[in-house]
Amino acid sequence: MSEPLRVLITGAAGQIAYSLLYSIAKGDVFGANQPIALHLLDIEVMNNVLNGVVMELQDCALPLLKEVIATHEYPKAFKDVDVAILVGAMPRREGMERKDLLKANVKIFKGQGEALNQYAKKTAKILVVGNPANTNCFICRKYAPSIPSENFTCLTRLDQNRAQGQIAQKLKESNVLVSSLDVSNVTIWGNHSSTQYPDVNHAVVNIQGKAVPAREAVKDDNYLDGAFIETVQKRGAAVIAARKLSSAMSAAKAICDHMRDWWTGTAAGQWVSMGVVSDGSYATETGLVFSFPVNISGGAWSIVQGLSISDKAKERIGITLNELVEEKNDAVAVCSD
Ligand SMILES: NC(=O)C1=CN([C@@H]2O[C@H](COP(=O)(O)OP(=O)(O)OC[C@H]3O[C@@H](n4cnc5c(N)ncnc54)[C@H](O)[C@@H]3O)[C@@H](O)[C@H]2O)C=CC1
Ligand SMILES: O=C([O-])CC(=O)C(=O)O
């Protein structure tokens, strides 16, 4: 067996981590033969809760889990990590937009960027989950200049999974029985916020072994251009309104999907959506962390190029782009206070 992969999870005493740790330690993400050392970080007041999580991990009796380091200290938490999943941050409550968290959360990602820069492996793959995820990722990368920018990503896979789920659900209404996994190449453009653009123009549904364009399968452009987009954009808020807590089980599942695909690659002809550092593709601003369609091979992602983008789609991409530019300016100002 190989050396343990050092996987840092921040916010390890919180609700997303509680759904996430088991899948990672069991081998669902990095493979059934990959030993894992978990580095669990939370703030000092959560020490007791974190100890309880460590006890439960021991009690899961997982053969791949070789070591658990639970701490509130950055030097220990970030030391030599191969993977950093940065979840720890304040979640939003009912009535808030995710960008309302910016002031409270962005400085956490400045400090964790500095810690990655100082202590993590230079090859570390980083996934930012804490909201506002794109802008926190932008700041994290800014303060970790020794790690390549392509190693920084943020989570928009939950939005992708939601979009696939909505299309599968809609098809059930006309007795076309498919699962979310039969829907591919939906793209989430831009910000993990209510301005994101879930785009079905290149999406495909596998119906009894035949690849059918999503618009042809659904046969309802009004829905796809209206209620579908709004449902995906506002799904996080709908979960908060119902649960009085933000999504956790589905967020943990999306984190696993994101990391597993980054590790093992995307299927031929299929792409996934990830927030990545923009190279200016599709008229976006270079350097912003923007969600794009990406292909992944050999642990490296590349933005899918050459997709046709309608004028309406360009307008929607422009809206989410403008929001990200504003968030970035606010975040840079907060961090230089
Ligand atoms: N990008 C996405 O798709 C999603 C993002 N989120 C975001 O993930 C974040 C975490 O959500 P939950 O787990 O539900 O929240 P939670 O409140 O249950 O857990 C957050 C944990 O982070 C810890 N924490 C706070 N500051 C920290 C720091 N400086 N270092 C390490 N740990 C710290 C807290 O003590 C707490 O244990 C929130 O910002 C939420 O909005 C949630 C769902 C989806
Ligand atoms: O909506 C929230 O605040 C939590 C989140 O990011 C999501 O569920 O997508």
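Heads up, the Cβ atoms here are built off N, Cα and C, so glycines get one too.
Those TrEMBL annotations? Automatic predictions, nothing curated.
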If TrEMBL gives Asp42, Val129, Gly130, Asn131 as binding NAD(+), which of Asn105, Asn151, Asn161 does it give for that site as well?
Asn105
Using a 10 angstroms cut-off on Cβ to Cβ distances, just flag whichever of Asp42, Arg92, Asn105, Gly130 is the loneliest among these binding-site residues.
Arg92
If you skip the near sequence neighbours and keep only those at least six away, which residues in the chain come within under 8 angstroms of Arg162 (substrate binding site), Cβ to Cβ?
Pro198, Thr231, Val232, Arg235, Ser250
May I ask which of the recorded positions Val129, Arg162, His192 have a CB within less than 6 Å of any atom of ligand 1, listed in sequence order?
Val129, His192
Sorted by position, what residues of the same chain at least six away from Arg98 (substrate binding site) have a C-beta under 8 A from it?
Arg92, Asn131, Pro132, Ala133, His192, Ser193, Gly236
